[in-house]
Structure formats: structure tokens, C-alpha cells
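What TrEMBL says about this one:
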ACT_SITE  B:Cys77  active site, nucleophile
ACT_SITE  B:His178  active site
ACT_SITE  B:Glu180  active site
DOMAIN    B:4-194  domain 'Glutamine amidotransferase'
Amino acid sequence: MLSRRIIPCLDVRDGQVVKGVRFRDHVVMGEIVELALRYRDEGADELVFYDITASPEGRSVDRTWVEKVARVIDIPFCVAGGIRSVDEARAVLHAGADKISVNSPALERPELIDALAAAFGVQCVVVGIDSLRDADGEWRVRQYTGDPSKTQALPRRTLDWMIEAQQRGAGEIVLNCMGSDGVRRGYDLEQLSVARAICHVPLIASGGAGEPEHFRDAFVEADVDGALAASVFHSGSIAIPALKRYLHEQGVSMRVS
Amino acid sequence: MSVVLVDAGGTNIGSVRYALQRLGVDAALTSDAATIRTADKVILPGVGAAGPGMARLRELGLIELLRSLTQPVLGVCLGMQLLCAHSEEGDTECLGLIPAPVRRFVEAPGVRVPHMGWNRVVARREHPLLAGLGEDDQAYFVHSYAVPTGDWTLASSDYGQPFSAVIARDNFHGMQFHPERSAAVGAKLLKNFLDS
């Protein structure tokens, strides 16, 4: 049986891992390779690196650290951040990343998803979606969320975009529920459950993890394939080995050593 | 010992190479027929689709060479599927070194395609390639097509239905998961191949 995945997310800015609250006020958490190794040792199933300032600054991800991580890490990792073309994606994959994740550039030019899937296969192509509920009750997509001064609210409904992304060749969807991000009150189970019903590829929950129970709820109630979190792991408030044992005891299929 | 990685354009070549380096082996990355023919061990990595994968091997003039190899050969992920007879992916004739078909996973409730993540690898028979594989050991998979279980199956996994995780016939071996991304379990199985 396929295990559910625990995925620490490392937001990278200027070569270091940072964390902000609700995407703002970033503080440095540590060195990239050091943190990556720590999470590997603790039993993380996968890592995601977001070069959070690449897209707003109109540049692609810095590949030198991708290669450094690939040399030492023996679990899969995904890289995101301003990947705008097949050539840029190829460079990141050749540097050793297993998957690339696109978000703002795919919103600028949705055909990018088709091109990436054709070039590398859908299994390499993750589409990240930043979603926030508007006053009218609809979840809609946000763009350029790495920089609050450049973040844009789009008229595009989150669920419409999720369907289109899959049709174009997304092999996995990371749904970041911005309303719950960074405040540690739990994943947005309502939104994730609605998304799950229309998502036929692996779905990863992002935003809101604060307690081990939040992970259980995301797996059991929203049936997500993986749960992504950052600050609870960086701060040490949740230790991955204990979290995975807890989830295993709760009947969630886990890789435990 | 000389180990070569066949450079057929797969994007995981770097990762496989680093994994071998962590085991103390510096593998050459090559598409040169003579270098491949004389190597002690040959690894065919690969991420992508079967059709373009075979087309690339054909362009490089490596089809007959790969079929003629007598030293231990290991195909990883798509590389393993290319060792098989035929793939449903793009209706592609493959190398035919292991008489197995490659079929698309059938989507079902809870069976999302691609099969992506860690899954248990269960030994079906004794084989040096599986030495030290524990009962609960898991490996990392990312694929939409799979080889059904059959005479060729050394180890299997389960995703909606059982499928081949490790296969072998004569000197040709395949791993459907990514040993280079399967932590200690992957390193152990890669080392078994290097020791074979």
C-alpha cells in the first residue's frame, strides 16, 4: 500500500531557508544543505524547496544549491521558483531535482504545463496553487505570493484552475490554502476535501499544520496523499519521527523505520 | 570495477550518479558503444516516456549493443521498462530482454495515477539483488506504467493490484522504484547490484 508522505518545505531566499507568517516577515531558519540532511535523517519522505523570491524578481531558481542538495540527499526533492520554460526546468532537473513545481509562471502561460509534461513526463511536473477565499465565498488563485507587495488576486477560481492544470499534464498538485498558512490552526479541510473530489493526481496539502492531529485530519478526512509543512518542523515543535509514529498508530499508512 | 551509466537523456542520471558516488563508485556517463561494451556493470537510468526513450537509444545506435550485453545490466524506472518486450505507453516496442509487458495503471478510487511515493517492496523469491531487504522496507516510486507480476518478478509492490518492483532475467535486472532516492533501502539494493 502506498504510504502517505510527510513533506517539509524549505522556503529559500538568498541561499538560506526562511519562514514567514502568512507569507510575510521572513526570518532565517538555517542553511539549505544542513536542514535538508536533518530532515532526511529524521525520516522526511520528500523535500520541497521554494525559491520564494525568484518569481516576483523575474528570475529562475539558483541551480548551484540544487546540485549540492542532490549530491547528499537520498530522498526525492522538488524545486520551485520562477521556472518559466522547458529549458529552465531541464537545467533544474539535470542539476538533480526529481520534480519541478510551477505556480506563477503557469498562471502567466498555462501552456507551460503542457510543454513540461511533454518534455519530461507528467511525473516530474507539480503545479502549486496558492488559494484564498474571497468575500463572496469563492476560492480564487493568488499569483506572486513570494512578495506581498507584488501578490495579485486573480479572477480565476481555484477549482477551475485545478481541473485545467490536470488536463494540461500536472502530475501532482500542491494546494496551499493561504487563509490557514502560518497560523498553525490546522489544514483547510473544507477546501482540501472539495479539491480532493476533483483531483485525480496526487494532492498535497499545504498551509496550517500546527499539531500532529492536523496531519491526521488532512490524511483521514481530506484523503490527501501528502502533507507539507515548514515552521513546525523548522522550530522543532513537531519532530518528524514522533509524528510518523503517531500517524502510523492512527492507522495512516506511513513509512516508519 | 568500471560502472557506466548509459546517457539516454533521462533527467535522473545525475541523481543515480551521485548515489553511486555515495557508495564509492565513480560511474562514467556515456553513450559510447565501446565504453558500454567493455564496462563491468551497465546501468540504464531513465525518466520520461517509453517512445522517446527507445527513439533516443535508436538514434545513439545502442539498441543491438544493449541486447548483446553479457555483463550485469540494471534498468531503473523507465530504464527497467525499456528492458521489457512492449510498452502500452505510445504502443512502443522495447528491447525485449525480459519478456514482460508494460501496462498503464488503472485508475480507481484511491488509486491515483501516477503512482507517486513510498511503497513496500516485498521479495517474491530469493535473489542476491534482494539481499538484506527487510519485510517492511519501502522504496520511492514515480510512474504511471508498470510491469505486471510474472516469471520475471523478484519483488513486488501493491497499488490497486500487485506489480513488479524488481525484475530479472539472466544478466538483465530492473528496479521500478528509484534506488537513488530510496534512502538506505535504495542504497542497499544498488550496492547488491554493484556486488553482483
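A Cβ is built for glycine as well, from the same backbone N, Cα and C atoms used for every other residue.
Taking the C-alpha positions, the distance from B:His178 (active site) to B:Cys77 (active site, nucleophile) comes to 6 Å. B:Glu180 (active site) sits 11 Å from the residue listed as 'active site, nucleophile', counting Cα to Cα. The predicted model assigns the domain 'Glutamine amidotransferase' (B:4-194) a mean pLDDT of 94. Packing around B:Glu180 (active site) is summarised by its Cβ count: 31 other Cβ atoms lie within 10 angstroms of its Cβ, all protein chains included. Around the Cβ of B:Cys77 (active site, nucleophile), the number of neighbouring Cβ atoms within 10 Å comes to 27. Neighbour density for B:His178 (active site): within 10 A of its CB lie 25 other CB atoms from the protein chains shown.
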